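A quick write-up on the structure given underneath.
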Amino acid sequence: MNYNIAIIPGDGIGPEVTAQAKKALDAVADEFGHSFTYTNALMGACAIDETGNPLPEETVDICEKSDAILFGAIGHPKYDNDPSAKVRPEQGLLRLRKSLGLFCNVRPVKAYEQLIDNSPLKREIISGADMSIYRELTGGIYFGDKHLSDDGQVASDGCTYSMEEISRIAHLAFKEAQNRRKKLTLVDKANVLETSRLWRKTVSAIANDYKEVELDFLFVDNAAMQMILNPKQFDVILTENLFGDIISDEASVIGGSIGLLASASVGKENALFEPIHGSFPQATGKGIANPLASILSAAMLLRHLNLNKEADRVEEAVEKSLELGFSTVDINPKNPLSTSKVGDFIADYILNPEDTNRNFKNIHVGQSTII
Ligand SMILES: NC(=O)c1ccc[n+]([C@@H]2O[C@H](COP(=O)([O-])OP(=O)(O)OC[C@H]3O[C@@H](n4cnc5c(N)ncnc54)[C@H](O)[C@@H]3O)[C@@H](O)[C@H]2O)c1
Ligand SMILES: CC(C)[C@H](C(=O)O)[C@@H](O)C(=O)O
Ligand SMILES: [Mg+2]
């Protein structure tokens, strides 16, 4: 069967890591007899350079017509360092999420046994940690009214949530908890924020439909501490847009590197798959970015298309690369492979999983391959 995949490589390391995910998808197509038709689309700083618009209309159109979207990363230092810039790369991503209605962002986090001793956290704290963060993605302070006074001395960002916005993601998070260890933690700031109190009230009422799921609550400041003190306590975390952004980067330390964290951004009609990391501008073109977050995002994309054994194969290839230490410098500083060589290994494994004597014809291990 043919699937239409929109690809948005974006800025910085976005194109490099997305190219590796595409290699994995190509290998899946060959091995399992599918065909993927890719259409590239512009977003972010590269779109501003070419069209003046961080999200050209054509990109939205390509995405709407696709079966799934694979996105790399956006962002450029020339905007990060210029607070007065009116047009910014990040506006492209936020507008795309909003216009496609991608309200539910799922960020799975786990401690890979192969990487546990690489983590700055102790083995006994992270071994066995496995959670899924459900981050609301189209509401809250990201999308509230923004204001800057004429004299530039006062600024505000409004935070608004409706019960409807909270309920639709809460149901998905409860369903996920039902299929996992049956625990849901709502992370909020209900001791201070009115919006958080609405989250608690709404989620508590919905809990009656999911009696087998244990619901608990944590204030976000405490949650940030608990994430490092005892991450194994978490199964599914449900939270608003801003808190989810922050605690998922924090949680990536458990996995060993942010370069491993994939995500799915899902709406009623469309779904987009993206690493949680950014455009890592310092690494652009150096071949040192970890492509696994993008490759694991492609695995989530396959699962979304109901291609489950295909997704399993990609995940197995990732596990194997970690086991063999065929990894980029962030997780294998002593003997790293380049971004592209890791992609080659993954594609090779997808095509030949049984080849235990594989000669890794495409893979050259050694310091000389870093760049
Ligand atoms: N979804 C997105 O497109 C997205 C997400 C976050 C940040 N951004 C943008 O990216 C730019 C840079 O932001 P930042 O530096 O705060 O965040 P970043 O995620 O780009 O990088 C932070 C750090 O994470 C590590 N890292 C990130 N990706 C990695 C990878 N694939 N492999 C190995 N290590 C990796 C690096 O140590 C890096 O210094 C900004 O313009 C920001 O707005 C975009
Ligand atoms: C680039 C930025 C707008 C984005 C966000 O804050 O949602 C990013 O940090 C992410 O986590 O996807
Ligand atoms: Mg983020």
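Using the three backbone atoms N, Cα and C, a Cβ is placed for every residue, glycine included.
Keep in mind that TrEMBL annotations are predicted by a computer and have not been checked by a curator.
Annotation source TrEMBL lists domain 'Isopropylmalate dehydrogenase-like' at 4-346.
In three-state terms derived from DSSP, R97 (substrate binding site) belongs to a helical segment. Among the features that TrEMBL reports, substrate binding site is placed at R97, R107, R135, D221.
Annotated site 'Important for catalysis' per TrEMBL: Y142 (among others), in sequence order. DSSP classifies Y142 (site 'Important for catalysis') as helix under the three-state reduction. Within 10 Å of the C-beta of Y142 (site 'Important for catalysis') we count 19 further C-beta atoms, all protein chains included.
A 10 Å cutoff on Cβ-Cβ distances gives K189 (site 'Important for catalysis') a total of 18 other Cβ atoms nearby, all chains included. According to TrEMBL, the feature site 'Important for catalysis' maps to K189 (among others).
Its own atom aside, the Cβ of D221 (substrate binding site) has 13 Cβ atoms within 10 angstroms in the protein chains shown. The feature Mg(2+) binding site is assigned by TrEMBL to D221, D245, D249.
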Counting Cβ atoms within 10 Å of each candidate's own Cβ, which of the binding-site residues R97, R107, R135 comes out highest? R135
Just to verify a number: CA distance, R107 (substrate binding site) to Y142 (site 'Important for catalysis'), in angstrom, no decimals. 18
Min neighbour Cβ count (10 Å) across binding-site residues D245, D249 flags D249
Quick check: which same-chain residues outside D221, D245, D249 lie with their CB within 8 A of the centre of the Mg(2+) site CB atoms? V220, A224, L242, F243, G244, I246, I247, S248, E250
Compared by Cα position, which of the recorded positions R97, R135, Y142, K189, D221 is the closest one to D245 (Mg(2+) binding site)? R135
Nearest by CA distance to R97 (substrate binding site): which of the recorded positions is it, out of Y142, K189, D249? Y142
